[in-house]
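If you check TrEMBL, you get these features:
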- B:9-26: transmembrane segment (TRANSMEM)
- B:46-63: transmembrane segment (TRANSMEM)
- B:94-116: transmembrane segment (TRANSMEM)
- B:123-144: transmembrane segment (TRANSMEM)
- B:201-221: transmembrane segment (TRANSMEM)
- B:248-268: transmembrane segment (TRANSMEM)
- B:288-309: transmembrane segment (TRANSMEM)
- B:352-375: transmembrane segment (TRANSMEM)
Amino acid sequence: MGILEVKNVGKRFGGLKALSDVNLSVAENSVHAIIGPNGAGKSTLLNCLVGKLIPDTGSVMFDGQSVLGRKPYQINQMGISRVFQTPEIFGDLTVMENMMIPCFAKRDGAFELNPIRAITAQKDIIAHAESVLADMNLLEKRDMHSASMSRGDKRRLEIAMCLAQEPRLLLLDEPTAGMARADTNNTIELLKEIRDKRNITIVIIEHDMHVVFSLAERITVLAQGTPLVEDVPAKIKGHPKVREAYLGESQPA
Amino acid sequence: MLGLDRKDFILLLVVFALVVLAPFLLNPFPTNSAMAQFNAGYPDLMQRFVIFGIFAIGFNLLFGLTGYLSFGHAAFLGVGSYSAVWMFKLLSMSVVPAIIASVIASGIFALLIGYISLRRTGIYFSILTLAFAQMSFNLAYSVLTPITNGETGLQITLADPRILGVTATESGSIPVTNLLGAEMRSTYIMDVGTWAFQFNVGYYVCAAIMLLAFYVSVRIFRSPFGLMLRAIKANKTRLNYTGLNIRPYTLAVFVISGMYAGLAGGLMASMDPLAGAERMQWTASGEVVLMTILGGAGTLIGPVLGAGVIKYFENIFSKINSSVLESWFAFMPENMQHAAVYVSEHFVGPGWHLTLGLLFMLVVTFLPGGLVEGGQRLSRLFRRKPQKDAARDSTQSNPAE
Amino acid sequence: MSNRLTRRGVLRTGAVAGAGLAVPTIFTGSSARAYTNEPTGSSVTLGFNVPQTGPYADEGADELRAFELAVEHLNGGGDGGMMQTFSEKNLKGNGILGKEVKFVTGDTQTKSDAARASAKSMIEKDGAVMISGGSSSGVAVAVQGLCQEAGVIFMAGLTHSNDTTGKDKKANGFRHFFNAYMSAAALAPVLEKMYGADRKAYHLTADYTWGWTQQESIQAATEALGWETVNNVLTPLAQTDFSSYIAPVLNSGADVLVLNHYGGNMVNSLTNAVQFGLRDKQVNGKNFEIVVPLYSELMARGAGENIKGIPGSQNWDWKLENQMGDRYTGTNAFVQSFGEKYGFPPSQAAHTCYAQTLLYADAVERAGSFDPCAVAEALEDFEFDGLGNGPTLYRAADHQCFKDVVVVRGKENPENEFDLVEIVEVTPREQVEYAADHPMFAGGNLGACNSGA
Amino acid sequence: MDAIILQILNGLDKGSAYALIALGLTLIFGTLGVVNFAHGALFMIGAFIAVSVQKLLSLSYVTLDETRTDFLGNPVKVETPYVVEWFGPEVGATIIDWSVPIAILFAIPIMALVGYVMERGLIKHFYKRPHADQILVTFGLAIVLQEIIKHYYGANPIQTPAPDALQGSFDFGVLIGFDPNVIIYPYWRMVYFAFAALLIGSVFAFLQFTTFGMVVRAGMADRETVGLLGINIDKRFTFTFAMAAVVAGLAGVMYAPINSPNYHMGMDFLVLSFVVVVVGGMGSLPGAVAAGFLLGILESFASMNEIKSILPGIDQIIIYLVAIIILLARPRGLLGRKGVMEE
């Protein structure tokens with residue numbers, strides 16, 4: 001029984017069948033990648049996991065509980081964090097402020113009405129945020145305006161924000177999209193470190209085979225809304241069905 | 001100190017000093033001088049400065065922090081005023097129940113309107129709040145006249161019950177608003193040479209409440225709650241996926257902000273027990289938007305500055321008439337005097353709107369951060385001079401908060 | 001150091017010349033004054049509070065001209081205007097009680113709040129001992145209440161609602177202008193003469209206090225003639241296009257349309273009614289007619305040709321003395337000095353403001369003091385003449401002036417933009433008088449005079 | 001039945017004015033991304049172009065008539081318009097009579113110029129600024145424009161009549177089988193409706209069938225992409241703004257005979273036209289037009305006695321009430337798209 005169990009999920013947009021009969025089981029503390037050509041339904045599936053979309057059929061269970069019908073913030077409170085394709089951070093705020101928000105969300109829940117307690121008095125939150133920043137090599141930038149950071153640092157910050165919540169499942173949506181090779185490699189190293197150091201399950205949606213094969217323990221190939229194969233990376237490489245699905249995309253970028 | 005860091009505490013002290021010394025600071029010119037026209041240190045205007053300061057501080061909590069632009073905030077001010085006057089009519093002339101009632105009533109009203117309006121964001125939210133406020137105004141002016149006394153405004157009369165107070169004084173007049181017996185309108189006038197400084201009980205009551213309101217607003221800015229509000233403005237998507245529920249935050253701050261407006265309305269009625277429907281009109285809502293942006297939205301002190309500037313124009317510039325101008329330019333030869341009067345006439349008296357319009361355009365064009373940015377630039381200018389050769393001063397100023 | 005906390009409005013507690021800053025001993029309660037803003041120097045300050053921005057700005061400007069003229073005359077400048085024809089001869093052109101008259105101005109914005117703020121600044125900052133002006137009843141009632149509290153005299157400008165001297169009357173407030181009841185009482189007999197006693201009236205009424213009292217008054221007066229009231233429709237104040245209110249009128253069986261509107265509302269509703277061709281129609285075998293109970297000459301210009309032949313009432317008209325004779329003496333003197341100074345004849349708003357200023361000044365002279373209570377006493381039941389309206393009474397019971405009312409109608413061939421109305425008749429004072437406890441004015445209480453002491 | 005037809009007619013007319021102002025407003029929103037609080041002022045300037053042209057055409061020279069005296073005893077001044085002098089009494093009078101339609105010819109270039117100057121001189125600096133700043137600066141501009149008009153024309157309304165031939169009203173009811181006087185409708189209002197329909201039609205045709213219009217529509221759909229196309233977007237923005245100004249101005253010119261223009265008429269329409277735009281959906285041209293007519297007609301219905309007697313004061317709030325209901329039922333207005341002006 002995996003920590004994330006997706007059963008028979010289907011989703012239609014009007015006449016278009018975006019997902020049908022998707023079954024997926026992600027084992028705890030593993031790295032699971034979902035790959036597939038453009039339009040295969042990867043993002044739709046992800047959105048079904050985080051509550052942005054509600055599937056028409058099937059079920060999504062996280063740690064034995066259904067996520068369906070819950071709002072994104074509720075699903076996050078269950079222990080699922082998400083990293084976006086383009087880093088979504090609080091651009092107007094400093095790095096430290098960015099970090100504190102998930103920390104508060106983790107400690108105080110979805111809403112806490114106490115408008116006048118001081119941030120500066122929240123020593124545990126500050127300490128925790130700083131330790132995660134240190135882990136991510138961002139500590140020296142703690143007072144920087146986050147919008148003015150480089151893209152790689154923004155990505156790092158976003159991941160740091162997710163990790164600060166100590167999620168049980170981290171969802172990454174094409175974390176290296178649009179990155180230069182060097183940045184991509186840095187990100188791979190970062191994710192490897194996270195994988196190795198923390199007790200965390202990672203589901204990664206990726207286009208870039210290099211990233212996938214460096215990180216994943218299991219890979220699901222999605223095509224036209226349905227899982228084609230699921231296996232360990234070594235077997236996925238050179239699998240005829242996968243080649244078929246990627247035909248014409250000899251250089252998946 | 002008081003749970004604030006050093007910078008904020010200094011700011012609070014500065015505001016405290018300004019507010020306490022306002023009767024001196026706003027009356028820099030001797031009573032009989034030609035410049036006395038520019039004196040603003042009389043009770044009514046000083047009260048207005050701090051009351052509209054409270055209104056703008058509250059508005060800024062909503063708009064400056066979350067970015068939700070409410071175009072109907074005057075409705076809460078109006079509800080606060082009406083509640084306060086009704087307290088004066090029914091209970092007693094003490095300002096305490098009036099102010100409490102105004103805050104509670106406007107809070108409830110804000111809860112209702114906020115609950116519905118906050119289902120939408122952006123300009124759709126603005127129009128919803130505008131629509132509610134305009135409905136309130138139109139109804140208060142006409143159909144609801146039994147409650148609001150329509151066009152003439154709700155006033156206290158000699159026929160009011162005032163069950164905890166007196167209906168009329170011994171001399172047959174309407175009693176006046178007071179706090180524990182101290183009348184809001186009592187004023188000391190201190191004559192110093194040719195200066196006259198006025199110390200008004202009502203002003204100091206308002207000032208004390210304004211300082212408290214300001215202090216609470218600083219605390220909100222510096223709290224996790226305030227951080228969440230700024231996060232709402234910065235990135236709603238990220239906030240959603242960070243396990244935070246946006247709606248209760250926005251609703252909470254909307255209600256707090258509405259209560260600030262109601263407090264301002266209650267204080268207005270306490271200083272001058274009359275509540276007119278036009279307090280709720282969209283132009284009044286627009287005014288607080290302009291105050292906040294003019295001063296600097298999202299900054300702590302900006303809204304108070306903006307409120308002061310707009311009220312100053314409204315009350316001082318509008319009173320400068322051609323005969324005043326003639327006396328100013330009396331030193332000039334006659335032709336020049338006429339020309340000077342003719343030109344300046346367009347900007348004062350009946351033309352004060354024009355000056356205000358030009359000010360809006362100039363400030364927003366050249367000082368995108370409002371007056372606060374102007375102040376920062378000035379202080380940077382002064383600060384840099386003495387240490388020209390010193391090691392490069394950090395030009396990166398902290399946001400004025 | 002006697003540190004007395006006064007229970008008054010604005011009172012000077014001390015005058016210690018050259019005292020150092022922030023020395024508490026300056027709080028000496030020695031020379032407390034007898035009443036609010038008692039003038040101690042060689043001059044006295046009056047406050048003129050008129051709309052300078054907003055839709056009534058032109059009316060406000062005309063009121064301000066009249067105030068300036070009155071001050072000039074009081075200080076001995078110009079030709080003296082109505083001071084020469086005034087039945088009282090206390091004003092000598094040496095100011096008031098020998099003190100030079102100075103004035104301050106403010107902008108009411110036609111909003112009660114702004115008007116009160118402006119009046120307060122005149123009282124608190126400029127030391128005004130009397131406030132006058134205003135161009136709407138809401139503002140007048142609000143400022144009157146303020147003056148009562150502060151202990152200064154309020155000489156109302158243009159305010160026509162019954163409430164100003166009815167439900168909301170105040171001991172410190174005085175109104176020279178006529179009111180809705182008087183309009184209706186004056187208009188009714190003339191309407192009967194013009195249109196007969198068998199008419200069906202349709203009312204469009206501005207949906208706020210003034211509109212209601214106006215409608216109530218005119219309905220009562222016309223029904224007493226035998227007219228039938230078909231319908232009364234309330235229109236929102238903010239309405240600019242009245243087409244949807246006017247369109248159903250013709251089909252209602254009514255043959256008279258009464259527009260209980262003022263200012264911009266009046267201009268628009270009248271323009272719309274004429275657009276719909278109401279005046280070209282025949283209903284019940286009679287010509288369809290339109291009535292505008294309260295006329296404003298300044299606003300009438302905005303309606304232009306549409307105003308031709310439409311009857312209404314005015315407090316005063318600048319042609320009164322020429323056309324109706326010596327009874328209205330003062331009119332020409334005022335028109336002459338106003339016209340010389342500004343180049344055009346004054347409006348009724350200007351006239352009432354000028355008259356109020358002179359009346360105040362004269363009352364102070366007679367009382368021998370600026371003390372509001374003394375002035376009020378001098379004004380109460382004061383009979384005078386020569387201010388352009390004929391013999392006039394300031395009634396003590398409600399501080400309302402009683403005088404003849406002018407019934408006018410839009411002129412067919414105006415010679416210029418100041419000659420838009422012609423006088424139809426003058427309804428004598430007796431016909432427009434009413435008891436002070438008339439139901440339309442009931443519910444108020446003058447209260448006691450307040451001098452701020 | 002007759003009452004309903006009557007109120008639909010009235011509503012169409014009010015709707016025309018709302019739709020014309022809202023059209024320009026939403027065009028500016030959609031393409032330039034600017035919240036233009038000075039749009040009401042453009043409408044007002046249009047109306048005052050009608051006033052000015054009327055004054056210009058009746059510009060007169062003055063002769064003194066010694067036989068009569070005015071109220072001060074001076075000789076009466078007799079004014080004779082130059083056009084009467086030049087073209088003779090009849091032609092001259094006709095020219096003055098038709099001054100409002102003639103004003104249209106003046107309004108197009110003047111409004112285009114006003115729009116050009118406004119956009120180049122002020123608005124373009126605010127494309128990237130927050131909406132709050134745009135509101136403040138355009139509101140300031142609206143006040144300034146309004147005060148300038150007040151300075152020259154005063155605060156009172158100024159009557160600007162329609163040509164004699166188009167005054168009076170038409171008995172519409174007789175045409176469709178009702179009694180006389182049941183459904184009457186002024187000629188000028190019919191002209192206004194027709195004019196509005198024509199103007200709206202031309203704007204749509206222009207956007208639909210020209211390359212320029214295509215770019216503008218593309219810009220409304222996705223501003224950033226159009227910017228990337230490398231098309232000289234600046235020039236097109238200026239033109240769009242000028243076009244919106246002309247539409248508002250023409251709406252104002254033709255509105256002058258319906259209600260005498262005054263300097264604050266722009267502010268009176270501003271809030272309503274914003275409500276119209278938002279109810280229609282931000283940046284949606286058909287939405288603005290549909291909402292304009294819808295609100296106009298509902299407003300007319302609400303003023304009916306039958307309805308007012310059930311719900312007193314409903315005519316005071318109907319527009320706002322409808323706006324609230326529509327926005328709650330359809331989050332982005334009638335025809336709005338997701339993501340426009342939601343931040």
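Cβ coordinates come from backbone N, Cα and C, glycine included.
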Stretch winning on C-beta pairs under 8 A with the transmembrane segment (B:201-221) (pool: B:46-63, B:94-116, B:248-268, B:288-309, B:352-375) is B:46-63
Compare B:123-144, B:288-309, B:352-375 by their Cβ pairs under 8 Å to the transmembrane segment (B:9-26) and return the stretch that comes out on top. B:288-309
Quick check: do the transmembrane segment (B:248-268) and the transmembrane segment (B:46-63) share at least 3 Cβ pairs under 8 Å, counting only pairs 6+ apart in sequence? yes
Mind checking which residues of the chain, 6+ beyond the ends of the transmembrane segment (B:46-63), have their Cβ under 8 Å from one of its Cβ atoms? 19, 22-23, 26, 40, 69-70, 73, 77, 200, 202-203, 206-207, 209-210, 213-214, 217, 220, 229, 253-254, 256-261, 263-264, 267-268, 271, 288-289, 291-292, 295, 297-299, 302-304, 306-308, 310-312, 315
Same-chain residues at least 6 beyond the ends of the transmembrane segment (B:94-116) with CB under 8 Å of its CB atoms are 72, 75-77, 79-88, 128-129, 132, 164-165, 177-180, 184, 205, 209, 250-251, 254-255, 257-259, 261-263, 265-267, 269-270
